[in-house]
Amino acid sequence: MIRVLVIDDSLFIRTVVQDMLSDDPDIQIVGVASDGLEALDKIRELKPDLITLDIEMPRLDGLSMLERKKEIDRFPKTLVLSSLTSEGAEMTKRAIALGADDFMLKPRGIKNIREIGGELKHKIKNICTIAYITAKPVLKDSNARNVVLIGSSAGGPPMLDTIVSKLPSDLNAAVIITQHMPKGGFTAALAARLNRISPLQIRETENGDVLKNGTVLVSRAGFHTIISSVLDKGGSQSGKIILTDSPPVHNVKPAVDKTFISAAQVFGNHCVTAILSGMGNDGGEGTEAIKKAGGVTIVCREEDCLVYGMARSALSRNCVDHVLSLQAIPEKIVETIRAMNG
C-alpha cells in the first residue's frame, strides 16, 4: 500500500486528486495540506511514502519546501503537479533539480480529469518502485548508424520510465523520444527526470545535435524534430537534428510523424519504432514510412495503454511488425538493434 499526502492550496485540486486515487486498492490517501508549512508538519506526523506537491502556495511554496527536505529523515517521494504555463514549466524544472521525482500537469477542469487519472496512478506506482542510476559509464563518442524512435502522448511518460530504465548503456543506437507536451520547458524537465533512471545519457534536443550511440534525445516542445543526413569524418552516414518551427501536425508540435518520416529517409532499414499510449492519429503515417523503408515497427498492446488512439492509427495501416506488452518492448528493441549490427 502506497501512503499519499496531497499538498495543494486549491480545494478543487485536493478534492480531484483524492477522487482520482480513491478507487485504487494499492494507494491510500493519509492526509491533505494546503501549504508547505502544514505539509512539513504532516510529513513528520503521517510519514507518507509519497506526496503530490503544488508549487505555488501561501506561507511556504513547494520549491522552498523542497529546499528544506533535509530537515526530515526519509523525505517522501515527490510528484509535482504543475500548472500549464511557462512559469509553471520553469518552476517544475527547478523542482526536479531540487530532487522532485516526477511531475505532471494539473487537471484543467472536469473534462480533463478522466484523461489524467490513470496516468497519475501509474506515476505514483512507478515513482515508488523505480531505481535511480547514480553513475553512468563514459561512452565512446561514436555516431549512430541505427536509431530507435519512440512516440507517445497522454499516458506516455510512465511508459517511458519503463523503457529507458531497461535499455542498456552500450546500446548501439541513438534514441529519440517524441512525447506530446506543451512548450515552455516541460520536455526539458522530462529529459532531466528520465536521465536519473536510465543508464543512457538523456537530454532535450538542441538544433544541430548529431545522433550518438547510447544517447537519448527528447524532442523539444514547440518545435518539430527533423532528422537530416550528416557524414562523419570517415564518410559514413549518420543523422543530425533540425528543429523546425513549422505549423503543427495533428494539432501538435512536436509531431511523431514528422520525426519518423524524416528518420525513414535517412536511416531506412536501420530504424526501430515504438508507439505507446496517446490519443489521436499522430504516428500512424510515420510508422508506415518506417515500415516501407524496411525498418522494424512496434506498438504497445492496448491493455497497457491509457489511450489507444496513436497505436490504433498505426495498426489500421497494416504496417506494424510487433504488438507487445510494455515490459517486452525494451527487450525487443535491444534484440532488433543487435540483429541490425550483425
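We count from 1, first residue shown onward.
Placed from the backbone N, Cα and C atoms, the Cβ positions cover glycine too.
Going by Swiss-Prot, these are the annotated features:
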type	residues	note
DOMAIN	3-121	domain 'Response regulatory'
MOD_RES	Asp54	4-aspartylphosphate
DOMAIN	141-340	domain 'CheB-type methylesterase'
ACT_SITE	Ser153	active site
ACT_SITE	His180	active site
ACT_SITE	Asp282	active site
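DSSP labels the residues of the domain 'Response regulatory' (3-121) in these numbers: 55 helix, 27 strand, 37 coil. Within its own chain, Asp282 (active site) has Gly151, Ser153, His180, Val249, His250, Val252, Ala255, Val256, Asp257, Met310, Ser313 as residues 6 or more apart in sequence whose C-beta sits under 8 angstroms from its own. Every protein chain considered, the tally of other Cβ atoms within 10 Å of the Cβ of His180 (active site) stands at 24. Spatially close to Asp54 (4-aspartylphosphate) yet at least six residues away along the chain are Ile7, Asp8, Asp9, Ser10, Ile13, Gly62, Leu81, judged by Cβ distances under 8 angstroms. The average pLDDT the prediction assigns to the domain 'Response regulatory' (3-121) is 90.
Counting Cβ atoms from all protein chains shown, Ser153 (active site) has 25 others lying within 10 Å of its own Cβ.
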